[in-house]
Each structure stands twice: as C-alpha cells, then as structure tokens.
Amino acid sequence: MAQPHEGAPLEEPGERPRSEDLVLRDEQRFLYALALSCLPFWLVDSLSVGRPAWDTLALRLGWAGLTGAMGWGLRWVERPARRRAVRTLAGVVVPNLFLGLVVYRLGGTGSPLFSWIFVMPLMTLTVQRGELWQGVLSTLLPLVSAGTLMGLEGMAPRAMVTRLLLLVGAGAVGMQMSFFYGRLRQARVRAEHEQRAVQEALEASQARALQAERLAQVGRLAAGVAHEVKNPLAYVQANLRFLLEEWRQPTTGADDTEYTEALQETMQGVERIHQIVKDLTALSRAEETVAGVGRCELVPVVDASVRLASVRLKSLVRLAVEVPPEAVAKAEPRRLGQVLLNLLLNAADAIEDAKVQDGRVAVRAEVVGQWVRVVVEDNGPGITAENLPRLFTTFFTTKDPGKGTGLGLALSRQYVEAFGGTLRAENRPEGGARFIVELPVA
C-alpha cells in the first residue's frame, strides 16, 4: 500500500483533493457564465418587437437564476456522472426550454429569434463532451420546440417538414462536431497524461543521476578518507593505551602535563574523525538540504570544500587558497560547495593520472565589478583541444570506466547557471587546466 510522501499535507477525511476542487470551480464558472450570457439578449428581444419586452425579461431572469442555482449547487454533487447530468440540464435542456418560451412570447415563427432555435444544436457544443446521448438530446429538444411553435401556428406540413429537416441537419452536424471534439479532447487528455509520465520519469532519472554523482564523489574520496581516519585513530589508540598503562601503575610522582598532552592529542584525533564523518554526511545529503539562492559568503564554502577534498589532495598536491572576506555572491552554499569539491577532485585526478611530481592546485576568488570570480587551477596535463568543447556535456568523461560518471561538470554548470552565473574551462599558458566560476555579487 502506498504511503503518503513525507512532509506532504494530509487530506482531512471528507475533503476533496485539490485537483477535484479546481475542476469543480471550473464547472461552476462555466455555469455562471452561461447564466449571465442569456441576459444581454433581452435587448435583441426588445428590438425584435420594437418595445421593451418585459415578459421575456422575466423569462430570461428565470433562465439565468435557474442556471446559476444549478452552478451553485454543484458543490454538493459528488459523482462525476451526476455532475455531467447537471451540466447537460443547465446547458442543453434549460436553454432549449426557455428559448422556446421566449420565441413564443415574441411572435412565434414570425420572430427573428425563431431562427436561433436552428442554431441551438451547434451552440450546445460547448456543453457536450463527445457523448452520443448529449448530441441526440441537443437535436431532439430544438425539434420539439420548433415543431410545437409551427404546429400551434398551423404551418403547412410541407414548410414544417422542410424546417424540421434543416434542424435535423444542423443537429447531425452538431453531433459530428461533438464526436470529433470528444476524440480531440480524449487525445489531449492522453497527451497530458503521457507528458506528465515522461516528466516524472525524467525527474526520477535526474534524481538518480544526482545520487550517482554524489556517490561517485564519495567513492573518489574513499581512499583518502581511510588514510585520514587511520592516522588519528592510531594516535588515539596509542594515547589511550598509554593512559591505561599509567592508570594501572602507582601514580606517585606522575607528571600531569604528559597526561594532559595525551588527552589533548586524543581529543584532536576524535574531532578530526568527527569532522570527516560530518563532511561526508553533508555531501551525501546535499540534495536534501538545498536552500534557496541568496547571499552566500565564499570563505566558509571554500573552506568546507577544501577541508573535504584535502583527504584526497593532501598526499598528491600542494594546495593554495586565497579567498578575501568581501567575496560574497548570490548562490546556494551546498550546491556551490559541490561544484568546488568536484573541481578540486578533478584536479587531483588529473595530477595523479599524469603522475605529476610537484602537483599544485590553487583556489582563488576576487570581486570584479558586479561579479565574484572563483578560479580553480592546477599544473596537470591540461585539456586536449578535442575534449574542451565537450567537457560540460552530460555523460562525457575522459576517465577510465568505473572511475567517472560524466555528470560532475554537467551538473556543476547547471548549478552555477541556476545561480545566474557561468562556468567555463581553459588551459593555462604555463600548463594545466583552469576552471572559472563567475557569480553575481550579492
């Protein structure tokens, strides 16, 4: 059984879903508009007889009031089939009934409005939903109205049959148009459902791709994490062993300074392990904690990215960081941190693969006019001319199979552009690659 999405508002028992409320409001608006639309035609009634037609005004007010009341009462009609029946009653039955009475009061077949009855099968297309019974009903009712008026006036059978055949022809056209309208509507509904399904599949695929990239980043850090955790664990273990041995021995003449230093080193090791675990947890949950784009101070963001990347960079390169305090941009800290981490790890990979002896990576930031520019560069092999144009293409990678997903740079550019900035790559004249992130000043 499907569980409600975490954080989604639960619907109270007896409440309609939001989508049903929207459909109900649309249905009510349609019936209210239908009710109001019959009132302006009273001017046509009066012009047709050359005087104010107060009797037809009363009929039209009753017509509008009845239609509006059905629209207002639609909120208590739960079943879709009954709603369709109310819509048909208000849009087909009531108009034909009242129009016949209005035409009768204005002179019957001699009134200019008599011809309006012949248009009714086409006018009710707005109410029909491609169902045959509605098309038949919208043809039969005008036939009854016109036949009754012509019969009351004693019209010749030949003339009556001719007019009724015209009315049947209009009804046939109306039914045919209603049929094609129904087919078109069904096709549109199917297309909307398919589009929604494709969009949901695309969003799910993007979510999986983001998760894959985050896991890939964690994997690229794994070796360095093992090394970074192993070292503090070693001296935590050594210090605890020292303290345990001292505890078991007589304490006369013991040096408290030595104990204090051992405890301080132990605490530092534990804090280092805790920081590594905290950074990795933040990285793995980055998408769950995304905030809105706003004021973002680059110093803590760069520090966090460098600290996390250092578990891999430390044994490979010398890292230089230069970020002024005034570097404040419009960005989302978590995602910007992911971008910088990805650029730093890419630099480490390039230097390691090229077996550069004196590897160097630099992170610099500066404010240039209305932009904050962040540069990540290395002295690795650089980017080949054929790969440079494709560098930010999704799933493009120069790494060995299993080492890269081809999503890191594509997602990084997507994130930066969402901040209103740009991300580009170039080769350094002295060798190596340079990635430039430009963000709007906050």
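Glycine residues also receive a Cβ, built from the backbone N, Cα and C atoms like all the rest.
Residues 132-152 are the range that TrEMBL records as transmembrane segment, among 132-152, 216-236, 300-320. Between the listed ranges 88-106, 164-182, TrEMBL ties the annotation transmembrane segment to 164-182. Outside the transmembrane segment (132-152) by six or more residues, the chain places 88, 92-93, 96-97, 99-100, 103-104, 108-109, 114, 117-118, 120-121, 124, 159-160, 163-164, 167-168, 170-172, 174-175, 178-179 with a CB less than 8 A from a CB of the stretch. The average pLDDT computed over the domain 'Histidine kinase' (224-442) stands at 79. Using a Cβ-Cβ cut-off under 8 Å and counting only residues 6 or more beyond its ends in the same chain, the transmembrane segment (57-77) has close neighbours at 24, 27-28, 30-32, 34-36, 38-39, 41-42, 45, 83, 86, 89-90, 94-95, 98, 101-102, 105.
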